[in-house]
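Participant: If you scroll down you'll find the structure; I have some questions about it.
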Amino acid sequence: MFHVVTVNCGFQFVNSGQLPVGWRVKDPRQRSPKEKCEFKPQRPGRKVAKYTPPPLPSNKKWFGTPIEEMRRMPACGARLPHLRPSANHTVTVRVDLLREGDVPKPFPTHYKDLWDNKHVKMPCSEQNLYPVEDENGDRTAGSRWELIQTALLNKFTCSHDLKEAILRYNVAYSKKWDFTALTDFCEKVLEDAEAQHLFQSILPDMVKLALCLPNICTQPIPLLKQKMNHSITMSQEQISSFLANAFFCTFPRRNAKMKSEYSSYPDINFNRLFEGRSPRKPEKLKTLFCYFRRVTEKKPTGLVTFTRQCLQEFPDWERSQKKLSRLHVTYEGTIESNGQGMLQVDFANRFVGGGVTGAGLVQEEIRFLINPELIVSRLITEVLDHNECLIITGTEQYSEYTGYAETYRWARSHEDKTPRDEWQRRYTEIVAIDAFHFRRFLDQFGPDKIRRELNKAYCGFSRPNVPPQHLSAVATGNWGCGAFGGDSRLKALIQILAAAEAGRDIVYFTFGDVELMRDIYSMHTFLCEKGDIYRLLLRYYNEQCRNCSTSGPDVKLYSFIYNTLETYAHSTDDDEEDEEKGLCFED
């Protein structure tokens, strides 16, 4: 006897009592639960319409959780323990004399010198020597610090005087260093009255600040080397003396390149800031002179902590069950202005600060210019490895600006009103995480590269042993995009996933990109209900990128995710209908 079996994939066949291969009778009550994101192939003959996210209001400037509801410091923070030095925390001030509004006292009272490969080699060290000839023509060693003092205490009347002073103790570079940008700034950019103020007031005050180094910075400063978990807390006054010395290019052993002892550290001396004719240089100099004017007119009274964090263990991203955290995404505002009290991401170079003392002038360099105390991280921080980040807490903003890159302009001095914590640090926490530099667009979708970026973001966002309720939201944006070749939509997903794993909400600034804002919000909403981001990214690579012969895949990442999950949802719905009829499709 023949009978017709109708199945809901849209066709009929005649059956003589045997179901065709691929079909089996099953009691729906025996159905085993599907593992999350075990995506089934689309059933033959089934057409699923291309998924389109629900429409969003066209006039909104932000989407997601209101920014007012996001956790910020100090409201969300736990009380700090008493500040004291330890094996993994160097403190360069008298903690017993720390008072709000008072300039911190250095510790120890008298200068202590260490000239080794574990500490900053100081300009004022007795070991900082240079070869000289005595009256008999014999070569001997002279104190470079004495030479520095003699050179800088001469009166400056023009940029040539400043150049000559700097080259007196940098003789080896007298024919290599170029001071064109500094000369043009003094002679062509500044008005006569401004130039007069620079040479008669600001620069002499900067010289005093630089030469006070052995009285202000009395403790050897450890280098934050790779694989270290260590913090250094120093005063803003100490930082200002370091930066004045950087301006006058006094730090020894920091100019040589190629296999020198500091080749794995960023530049700290400002000689590259003075070279060339880039229109960026005058604006950089304006921003930095604003800082030096401020700190020489009135000594700053706070502390700043630099922490190198190196993680050895990372999440198993493929098996993670963490739910996505809350998102606020907006095309307006900036990380520094609207992310106050949050963990603010520095889109870093692995040599922190990037081109701040050179030609660079994008997100990281701008942040280092308006918060110049960040520049001291270049003195102490070895190049970041894949499992490391640098966290800087307490820097002050001294300048406001407009524009970006070629359009960057110093606007005005800024009065930072950010409150201070119990350690007298501003509640400004900045994390430097370096994205991978992709030469080819498709490379970033490879599993190893996705894992690398996830781990790097997680390293920056994670604070082991701190409960989530005490963690502020992450304020971030298009990390690793632009010159680093990152895809903004992929990087958004990576940061969203890393923030969720670290127990933090995320506030995302698209910097004027309205379409990106809408795309990120729609995808976040979609994945909160349905997604397994990591496996979807791997699948996108395998199906769309691995064998792609063009510069980019035909199917965009977000379209792939939407349609993959929708196809999966439709096939699941079909299975449930089939099981109600006692039928199930075999993979």
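Positions of Cβ are set from backbone N, Cα and C atoms, glycine also.
Note that TrEMBL annotation is computational and uncurated.
The active site annotation in TrEMBL covers D346, E364, E365. Marked as compositional bias 'Basic and acidic residues' by TrEMBL: 25-41. The domain 'PARG helical' annotation in TrEMBL covers 191-308. Taken from TrEMBL, the feature domain 'PARG catalytic Macro' applies to 315-517. Residues or ranges marked as region 'Disordered' by TrEMBL: 25-55.
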Participant: Just name the most isolated of the active-site residues D346, E365, going by other Cβ atoms within 10 Å of its Cβ.
Facilitator: E365
Participant: Measuring Cα to Cα, how many Å separate D346 (active site) from E364 (active site)?
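Facilitator: The Cα atom of D346 (active site) is 6 Å away from the Cα atom of E364 (active site).
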Participant: Restricting to the chain of E364 (active site) and a gap of 6 or more, list residues whose Cβ falls under 8 Å of its Cβ, or answer none.
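Facilitator: The list for E364 (active site) reads D346, F347, A348, N349, V352, G353, G354, V356, A432, given in order along the sequence.
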Participant: Across the domain 'PARG catalytic Macro' (315-517), what is the average pLDDT of the model, as a whole number?
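Facilitator: Over the domain 'PARG catalytic Macro' (315-517), the predicted model scores a mean pLDDT of 98.
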Participant: According to DSSP, how is the domain 'PARG helical' (191-308) divided among helix, strand and coil residues?
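Facilitator: In the domain 'PARG helical' (191-308), the DSSP-based counts are 59 helix, 14 strand, 45 coil.
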Participant: Look up E364 (active site) in the DSSP assignment and reduce it to helix, strand or coil.
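Facilitator: Reduced to three states, the DSSP call for E364 (active site) is helix.
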